[in-house]
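According to TrEMBL, the protein has these features:
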TRANSMEM  6-28  transmembrane segment
TRANSMEM  128-149  transmembrane segment
TRANSMEM  161-180  transmembrane segment
TRANSMEM  280-301  transmembrane segment
TRANSMEM  307-323  transmembrane segment
TRANSMEM  330-352  transmembrane segment
TRANSMEM  358-382  transmembrane segment
TRANSMEM  394-413  transmembrane segment
TRANSMEM  485-506  transmembrane segment
TRANSMEM  518-539  transmembrane segment
TRANSMEM  554-571  transmembrane segment
TRANSMEM  578-597  transmembrane segment
Amino acid sequence: MKSKGLRILVAEISMLFLLPILIELLIFNYHGLFESRNTVSLEQIEKNVFAWEGKNQYFSAIEIVFESDDDAEYTVEVNGGTIKLNDITNCKLGYSATKIKEKCNNIKVIFPKTWNGRIKKIYVDNKIYFSWTRVLALWLLGFVLSVIIDRKLVNILGLQGVFIIVAITTGLILIGNIGVRTLSWDSQIHFRHAWNLSFINEVENSTTVEAVENLTCPYGEGNNTLEERKNYEEWMNINYIDKTDIANQDTFSYKRTAYLPLICGLVFARKMNLSFVNSYYFGELFNLLFYSIIFAFGIAWCKRLKYILFVIGLLPISIFIASSYSYDSFITAMITVGVAIILDGVISRSIIDFKLLIVSIGMIAVGSLTKAIYIPLLLIILFIPKEKINRYGVMIKILAFIMVLVIMSTFVMPTAGTTLSGGTIVGDARGGDTSVSEQLIYVLTNPVSYMLLFIKSVATTLHDYFINKNVFFAYYSFKNGTSALLLPSVIYFIVLCFVGLTQGAVVDKKTNLIKYKIVDLFIILIVILLIWTSLYLSFTPVGANVIDGVQSRYYIPLFLPVFFMMWNNKFKINEKKYFFIVLIAMSIVWFMTIISMKF
C-alpha cells in the first residue's frame with residue numbers, strides 16, 4: 001500500500017511539471033507548432049507605408065528594425081483594415097514588434113508622413129514564444145488544486161511548505177513578467193545602494209547600470225511583446241560589457257542591513273560570471289528567497305498564529321516588494337515573524353522556549369535597524385507573563401527595553417541634536433522644499449496643529465491603504481488597468497479580517513487578553529505616529545497642511561499586532577476545513593491578480 005501511494009504521489013508530481021508545458025506548447029503555441037513558420041518581408045508601396053499580400057497565412061507578429069532619432073506611432077492594418085493595431089517605435093533600441101496572431105491575406109504598416117526614420121527591415125513571421133511565467137502560473141494552479149484534492153501533499157509539506165512554494169512561485173511570475181524594470185517604489189535607489197554595497201572599494205559602472213539608476217532604461221512605451229523584451233535585455237547586456245571602475249560612494253552600516261539579501265544575490269551572480277540581466281534577477285531572487293524562508297520559519301514555529309502569518313505573508317504587495325529591489329520585504333519578514341513568535345508565546349499554555357525568544361528579539365531588532373520607527377513593537381515582549389519565562393525572564397525584558405531605547409535613539413538623537421545645535425538636515429534627497437530640521441522646529445512650535453493634521457490624515461486615508469486598486473503593485477501596469485485589482489484587494493481584506501477574527505478557533509483555550517490588547521493598541525498608535533511624523537519631517541514641504549509619502553507598505557508590519565486585537569475563541573472551526581478555506585480564498589486573490597497580468 002505504501003509503495004502504491006508513493007507511485008501515485010510521484011505520478012502527481014510528474015503531471016504537475018509536464019501538463020503546464022504541454023498546455024503552453026499545444027494551446028498557447030499551437031500555431032507556432034503546426035502552422036507555416038515562414039518569414040516574409042513587407043514591401044514599401046509609398047512613403048512610410050509598407051505592405052504584404054498573400055493568402056490565408058498565419059502570422060504571430062510583425063517586426064521592424066529601423067534608425068530614427070524620434071519615436072513614432074504606427075498602425076498595422078490586417079485583412080483590409082478589419083483588424084487595426086496601434087503601436088509605437090522605440091528609437092533608443094531601433095526595434096519594434098507588434099502582435100498579430102491572425103490568419104492574414106494582406107498586411108499594411110503605416111507610419112506618419114512626417115516621420116524621418118529609415119526602415120532597415122520590416123517582416124512578419126510565425127514563431128514559438130515559450131512563456132516560462134505562464135508555465136509557472138499553470139503549474140501553480142495545478143499545485144493548489146492538488147493540495148485541495150489530495151490531503152497527503154499537505155501532510156508531507158505542512159502549511160509552511162505550501163507557503164514557501166506559493167510565495168516563491170508567485171514571486172518568480174512577477175520577476176519574469178516585470179523583467180529588468182524598476183517598477184517598485186524607489187527601486188532604482190535601492191538598486192543603486194545594493195549594487196554599490198555588493199562591491200568593496202571600487203564599483204563597476206556602465207551605461208546599463210547608470211540607465212537603471214537614473215530611470216533612463218530604453219524600455220519604451222510600446223514594449224509589449226516577448227520579441228521587444230528580448231531585444232531590450234540584449235541592449236542591457238551589451239551595454240554592460242564596457243565597464244569602468246569608480247569609487248564606491250556607499251559604505252555598509254547598520255542602516256543598510258536590510259540590503260543583505262539583495263547584496264548576496266548580486267555577489268553570487270558576479271561570482272558565477274552571469275550577464276547583467278541575470279545578475280539583476282538574482283538580486284531579486286535572493287530577496288524573494290529570504291522573505292519566503294523567514295515567513296516559512298515563522299509558520300513552522302507558531303502553533304496558534306500560523307494561519308494569520310500565512311495570509312500576511314502572501315499579501316500581493318509583499319510578494320511584489322520581495323520580488324523587487326526593495327528593503328521593505330526584509331523589514332516586513334523579520335518584524336512580523338519576530339512579533340508572531342512572541343505573541344504565540346503569550347497565548348500558549350507552555351513555557352516559552354528561551355532560545356526562540358532570543359531569536360525573536362533579534363529579528364525585531366535587526367528588522368528595525370533600517371527603519372527605527374518599528375522598534376516600539378519589541379515592547380510586545382512585556383506581554384509575556386512571568387510564569388511563561390524561565391529565571392532569565394526579567395533580564396530578557398530589561399534587555400528588550402534597552403534595545404528599544406538604543407535603536408530609537410539612532411532615529412531621534414541625530415535629528416534632535418543637529419536641530420538644537422542650529423544645524424540643517426536635508427529632507428528628500430530627490431529634491432523639493434523639504435528640510436528635516438526646519439520641519440521639526442515647526443512641529444515642536446505647533447504641536448496642536450500637527451496632532452490635528454496627523455489625526456485627520458490617518459482617519460481620512462486609512463481605508464485607501466487596505467481596499468484600493470492602486471496599493472498592490474506600485475507602477476506595474478495591468479492589461480485591464482489597475483481596476484482589475486480592486487476586487488482582489490477587497491477579497492484579501494475580507495480574508496485577513498476572517499483569519500484575524502477566527503484564528504482562535506483552532507485553539508481549544510480560553511485566555512483573557514484584554515490587558516494585553518490595551519497595551520497592544522497603545523504600541524500600534526505610537527508606531528503609526530512615528531510613521532507619519534517621519535514622513536512629514538523628511539518628505540513634506542515645511543509647514544504644509546498635508547503629509548506626503550505615506551504608502552500602504554508601511555502598515556504591513558502592523559498587521560499582526562492589529563489583528564491580535566481581534567483574537568477570541570468564540571468561533572469553532574475544524575482545523576482541516578480552516579486550512580482549505582484560507583488556501584482557497586488566497587488562491588482566488590492570487591489567480592485573479594495573475595490573470596490580469598501581461599504574459
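Even glycines carry a Cβ here, placed using N, Cα and C.
Nobody curates TrEMBL annotations by hand; they come from automatic prediction.
Note that the structure is predicted; figures quoted are calculated from it, not measured.
Residues 373-374, 376-377, 379-380, 382-383, 411, 415, 427-428, 432, 434, 436, 439-440, 443, 450, 454, 457-458, 547-550, 554-555, 557-558, 561-562, 564-565 of the same chain, all 6+ positions outside the transmembrane segment (518-539), place their C-beta atoms under 8 angstroms from a C-beta of that stretch. When each of the listed stretches 161-180, 307-323, 394-413 is scored by C-beta pairs under 8 angstroms to the transmembrane segment (554-571), 307-323 comes out highest. Sequence-remote contacts of a segment are chain residues at least 6 beyond its ends whose Cβ falls under 8 Å from one of its Cβ atoms, and for the transmembrane segment (161-180) they are 132-133, 136-137, 139-140, 143-144, 147, 154, 212, 217, 219, 229, 232-233, 236, 277, 280-281, 284-285, 288-289, 291-293, 295-296, 299, 310, 313-314, 319-320, 322-324, 476, 583, 586, 590, 594, 597-599.
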